[in-house]
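If you check TrEMBL, you get these features:
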- A:39-253: domain '6-phosphofructo-2-kinase' (DOMAIN)
- A:Arg260, A:His261, A:Gly262, A:Glu263, A:Ser264, A:Asp265, A:Leu266, A:Asn267, A:Arg310: substrate binding site (BINDING)
- A:His261: active site, tele-phosphohistidine intermediate (ACT_SITE)
- A:Glu330: active site, proton donor/acceptor (ACT_SITE)
Amino acid sequence: VADTTLTRELTQNPLKKIWVPSSTNGLPERYISQRKVCMTNCPTLIVTVGLPARGKTYISKKLTRYLNWIDVPTKEFNVGQYRRECVKIYKSFEFFRPDNEEGLKIRKQCALAALNDVRQFLTDEGGQVAVFDATNTTRERRETILRFAEQNGFKVFFVESVCEDPDVIAENIVQVKLGCPDYTHCNTEDAVADFMKRIKCYENSYQPLDEELDRDLSFIKIIDVGRRYLVNRVQDHIQSRIVYYLMNIHITPRSIYLCRHGESDLNIKGRIGGDSGLSARGKEFAKALGQFIQSQNIRDLKVWTSQMKRTIQTAEALGVPYEQWKALNEIDAGVCEELMYEEIQQKYPLEFALRDQDKYRYRYPKGESYEDLVQRLEPVIMELERQENVLVICHQAVMRCLLAYFLDKTAEELPYLKCALHTVLKLTPMAYGCKVESVCLNVDAVNTHRDRPSNVDVSRLPEEALLTVPDHH
Amino acid sequence: MIIYKIPLSSHKFQYISGKFQIWNISKIPQTKFPENFRKSSRPQFTNCPTMIVMVGLPARGKTYISKKLTRYLNWIGVPTQVFNLGQYRREVLQTYKNYEFFRPDNEEAMKIRRAYASNALKDIASYFTKEQGQVAVLDATNTTRERRGVIINFAKEKGYKVFFIESVCDDPEIIEANTMQVKLSSPDYENYDKEEALVDFLKRIDCYKMSYVPLDEEKDRHLSFIKIFNVGSRYLVNRVQDHIQSRIVYYLMNIHVTPRSIYLSRHGESELNLLGRIGGDTGLSSQGQKYAKALAEFIRGQSIKDLKVWTSHMKRTIQTAEALGVPYEQWKALNEIDAGVCEEMTYEEIQATHPEEFALRDQDKYRYRYPKGESYEDLVHRLEPVIMELERQENVLVICHQAVMRCLLAYFLDKSEDDLPYLKCPLHTVLKLTPLAYGCKVESFYLNIQAVNTHRDRPTVNRSQATLLLTIHYLLICSRAPVQKPSPA
């Protein structure tokens, strides 16, 4: 405990507007921390368990995408991929036969190679969560992993997917297995037959996680694609969040429509933020949106807006009930609200430069950052996962954050995603990702997208700063 | 300038696109669709009333879970009420003799029990239809499939959703601890001495054990439920139907019963506090700095095991934490309520520049949103992840702000929306909250460092009377817009 007479001076970090002690008297930086999702020093190893075609890779990829979006550095390690690198050409299911000594040796090597990379990611590369995606169907294999984790100081959380519904399994095979590199030179019937034999190879030695025998392990057993869950010994915050996420996702086919409000009066003037109404063209867009939505014949569509006038006016034109979320409000530009970029450059040139240097983390004075936005939007994402067909009418920065979640964009890319006015993005989950269809509703609007200028130095000239500002009145 | 008399009760107005808007108290634009009308700034959790049905032998924590869950749901804005069958029994029987009442072969008693159980169901129906309740928690053993069948049929008839929460525990230590903590002090055992009470209670549990049919993975696979094993080491979750059930499951999986204390305090007196100005982001005054040092001494004196310290992102809480000399975490969610255009004003200035806003705030301080700012209701929504993490943690000291502390305190002490914005949270005072039995023990420590008083009492506005005079600027009235009374949610 430090001597309290040595109270440290506080300075405000200019980028994130966070008060930090200035290191005047040598007390360590790690003394204070920002609230992050992962407050533990101890990395977590998530281990999937289950027969082939049970959705392990689907869950691994989705979970990894979600954790990265909420700022928990996560990476998945798919043992199948290591195997494909090792055994260049896949011949047949025989490779997986339990009596195939050669096959077993290679498979074990691949698992160990993957674990090695896991160790590197979690220990040397600042990773916080690693998802070890493999069948891991025997207690023996899981023991190996537990020992590995113990040696390295990692927590382990198992995610097991159990499913006996033949329709679900068949659909999985069609959606992801047939297109996989193993079966590129196979016709559909042969591929399916081979894959079913592959599953059989694992079935005999499969030891599911057991309530009694594995009662000291931390795990979630997902049964029948989420009909039932068994959750055992959740150890910490991140595991609790992971369980909550896994219990909210589903695989029912649906589409999510994202669009911005119609062009607003402030948009036309080149001003950011504020709470103005729609321009004449914006109202036209609202009508066009109504027609577009009708033509799509969407079943049970939910419509969400923010609590700002321009999204609500847009929704009003649809003639259907909608829900207002304060969480969908545009990013708060603080002291820069309703200013033009030219004015921001003039009044706050330093702020303007800092923003270009790190647009994701930059927080407007008395306002928010994209990073804050993501935190604010997390409950929206969680509810979008629970829902089926939804149209979200929101704002530029908000739409960028939501899009980054669905399309797995990094923090660097996120603030520069193109989300033009009067364009609807239709996102449909497909295989391991998301299909995007962009529909421009043919109503003119100003461009509000400002690219990153090449000179982001605080010493730059105003012209250099304003180079990429889009045209406005 | 136009002056209108507006009935207090209908302070929500129709929004007609483009022409005008009279922002209501929460600054939520009113929509054309009455079914979309909501009193809160948050989306619907459920369209359909939900019955939460507890299942389990006596002393398994059903009442503890019922009360805690109800407190949480009410705090996040979902009107919830507990219906405890033990209470119904006590009202009917007046005095409790002994465990014989619960014997499965006691026909007379069975009749009485079925009768008051049925009354409870009637009261639940009434709560949903007449009192706009959204969730009812039926706190009883409900240990037989037959009884659960009755409840399911009742719910089906009325169109209510049902979610079962079963608590299964075979750890004798936990059961004994429960029994000592809450059962022996129940009105049932007023005239018993401790040992006799324990003997009788154990016989009572035995009466249920014979006919206890737990929820079954297979036989009950069509029901929605969560089975909690041994106070949370394991959970079985089946068929979560909607958002509110998902939130309930998440909450139940985060709470624990390990003894611990939560310390709540505001930052030390700030420079703006001294000037009587609200909001802002200033540093501590000299008195505030003294408080920070006193807080450090107090915390050291408490000898708290593994204390976590949380602050907001604002300078004044951080400066306070710095004096403690221990690591602390900054949460943006703990920032003070955003007073929007009123930031850094004195109350006199607000009265002078925004008199109608000032009046509206006094009408409904909980829902009132500052222009370009927040309401207490928004704050609660913002603080929900903080509460969830507080539930997961053990010993924590939260250094925050007046409005924030009121919201957190209201959660722990089960205060209503009406009381919340007027809870007393003076500067330089630490509140120590220790969960106890079904509630929370509060100890208040004033650390003897002088500070200004920032508390503004509830003004004496007679809210049951109809009218309030408002002056409204820039008003264009559209002739076809009648002032509409909101339809109930």
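Using N, Cα and C of the backbone, Cβ positions are placed for all residues, glycine too.
This view paints the features noted in TrEMBL onto the structure.
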residue: A:Arg260; record: substrate binding site; Cβ contacts under 8 Å, 6 or more apart: A:Ile393, A:Cys394, A:His395, A:Gln396, A:Met399, A:Cys419, A:Ala420, A:Leu421, A:His422, A:Thr423
residue: A:His261; record: active site, tele-phosphohistidine intermediate; Cβ contacts under 8 Å, 6 or more apart: A:Leu278, A:Gly282, A:Thr305, A:Met308, A:Arg310, A:Thr311, A:Gln313, A:Thr314, A:Ile393, A:Cys394, A:His395
residue: A:Gly262; record: substrate binding site; Cβ contacts under 8 Å, 6 or more apart: A:Leu278, A:Ser279, A:Arg281, A:Gly282, A:Lys283, A:Glu284, A:Phe285, A:Ala286, A:Leu289, A:Arg310, A:Gln313, A:Thr314, A:Leu421, A:His422, A:Val443, A:Ala445
residue: A:Ser264; record: substrate binding site; Cβ contacts under 8 Å, 6 or more apart: A:Gly274, A:Ser276, A:Gly277, A:Leu278, A:Ser279, A:Gly282, A:Arg310
residue: A:Leu266; record: substrate binding site; Cβ contacts under 8 Å, 6 or more apart: A:Ile272, A:Gly273, A:Gly274, A:Ser276, A:Glu338
residue: A:Glu330; record: active site, proton donor/acceptor; Cβ contacts under 8 Å, 6 or more apart: A:Gly273, A:Ser306, A:Met308, A:Cys394, A:His395, A:Gln396, A:Ala397, A:Val398
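Sitting within 8 Å of the Cβ centre of A:Arg260, A:His261, A:Gly262, A:Glu263, A:Ser264, A:Asp265, A:Leu266, A:Asn267, A:Arg310, and not among those site residues for substrate, are the Cβ atoms of A:Ser276, A:Gly277, A:Leu278, A:Ser279, A:Gly282, A:Leu421. Taken as a whole, the domain '6-phosphofructo-2-kinase' (A:39-253) shows an average pLDDT of 94 in this prediction.
Secondary structure at A:Gly262 (substrate binding site), as computed by DSSP, is coil. Within 10 Å of the C-beta of A:Arg310 (substrate binding site) we count 28 further C-beta atoms, all protein chains included. Annotation note: A:Arg310 (substrate binding site) sits in a helical segment as assigned by DSSP.
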